[in-house]
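A short worksheet on the structure shown next.
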Amino acid sequence: MIKVAPSILSADYVNLQQNIEKVDKAGAEYLHIDVMDGSFVPSISYGPGFVKAIRPITKMVLDCHLMVQNPEHILPAFIDAGADIIGVQVEATQHIHRALQIIKNGGVKAEVVINPGTPVAMIEPVLHMVDQVLVMTVNPGFGGQKFLPETVEKIAQLNQIKKNKGYDFDIEVDGGVNNQTVVDCYKAGATVAVAGSYVYNVADPAKRIQALRDATK
Ligand code: DX5
Ligand code: ZN
């Protein structure tokens with residue numbers, strides 16, 4: 001069964017606490033927090049203050065996906081805010097190794113993220129040091145986009161490297177994930193599924209979380 005990471009990006013922010021509690025009670029393992037800077041991606045969402053505000057109200061793993069140019073500067077603020085996992089896009093920094101070192105030295109789990117147009121080879125030199133790899137299954141920037149099936153091959157490649165080298169990082173997928181698209185991801189080796197609109201654009205998120213689990217039994 002895949003671990004489920006509802007993306008708060010698609011929730012109604014007026015009732016934020018209630019919307020976090022809904023997925024927490026439904027047993028979602030992670031809460032996915034999409035940080036967008038208006039530069040690496042066109043949208044602007046929220047920053048470390050948002051993570052700090054959420055931290056006291058849930059024990060869920062706070063899975064912070066930084067879609068931020070030159071993330072090195074802002075990493076300490078996310079570490080201090082109480083993030084459990086921090087993901088940096090390999091395309092957003094000239095110093096991916098250093099960025100991951102900063103996260104790990106802060107006692108937080110480190111994740112590297114690759115866009116649909118980025119090959120697995122780009123992150124091979126840092127795979128020994130990450131706790132999680134995020135394979136984007138849409139181009140980042142917005143919720144509610146269509147899943148790109150050509151990204152599934154990269155999940156399989158990563159899973160193969162994991163086996164060959166004895167690594168134990170999680171493989172997360174993000175974008176256009178629903179109870180159908182999650183199946184091929186899971187078969188290819190994905191262990192964590194982010195889902196935004198699929199979980200939050202309905203009255204009962206718990207049912208959608210369960211549907212993702214049922215699809216990956
Ligand atoms: C996209 C974000 C995603 C987004 C997913 O840039 O990284 O986490 O919230 O939304 P859905 O599941 O609706 O594609
Ligand atoms: Zn995301």
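Here the Cβ of each residue, glycine as well, is placed from N, Cα and C on the backbone.
The active site, proton acceptor annotation in TrEMBL covers Asp34. According to DSSP, Asp34 (active site, proton acceptor) is assigned to a strand segment.
According to DSSP, Asp174 (active site, proton donor) sits within a strand segment. Within the same chain, residues at least six positions away from Asp174 (active site, proton donor) with a Cβ under 8 Å of its Cβ are Ser7, His32, His65, Leu134, Val135, Met136, Thr137, Val138, Pro140, Val194. Residues or ranges marked as active site, proton donor in TrEMBL: Asp174.
In the three-state DSSP scheme, Ser197 (substrate binding site) is classed as helix. Other C-beta atoms found within 10 angstroms of the C-beta of Ser197 (substrate binding site) number 18, with every protein chain shown included. If you look up TrEMBL, you'll see Ser7, His65, Gly141, Phe142, Gly143, Gly144, Asp174, Gly175, Gly176, Gly196, Ser197 marked as substrate binding site.
Residues or ranges marked as divalent metal cation binding site by TrEMBL: His32, Asp34, His65, Asp174.
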Return only the integer: C-alpha distance in Å from Gly143 (substrate binding site) to Asp34 (active site, proton acceptor).
10
Close in space, distant in sequence - Gly176 (substrate binding site), Cβ under 8 Å, 6 or more apart
Thr137, Val138, Gln145, Lys146, Phe147, Leu148
Per DSSP (three-state), Gly143 (substrate binding site) is coil
Can you tell me whether DSSP puts His65 (divalent metal cation binding site) in helix, strand or coil?
strand
Tell me the Cα distance separating Asp34 (active site, proton acceptor) from Ser197 (substrate binding site), rounded to the nearest angstrom.
13
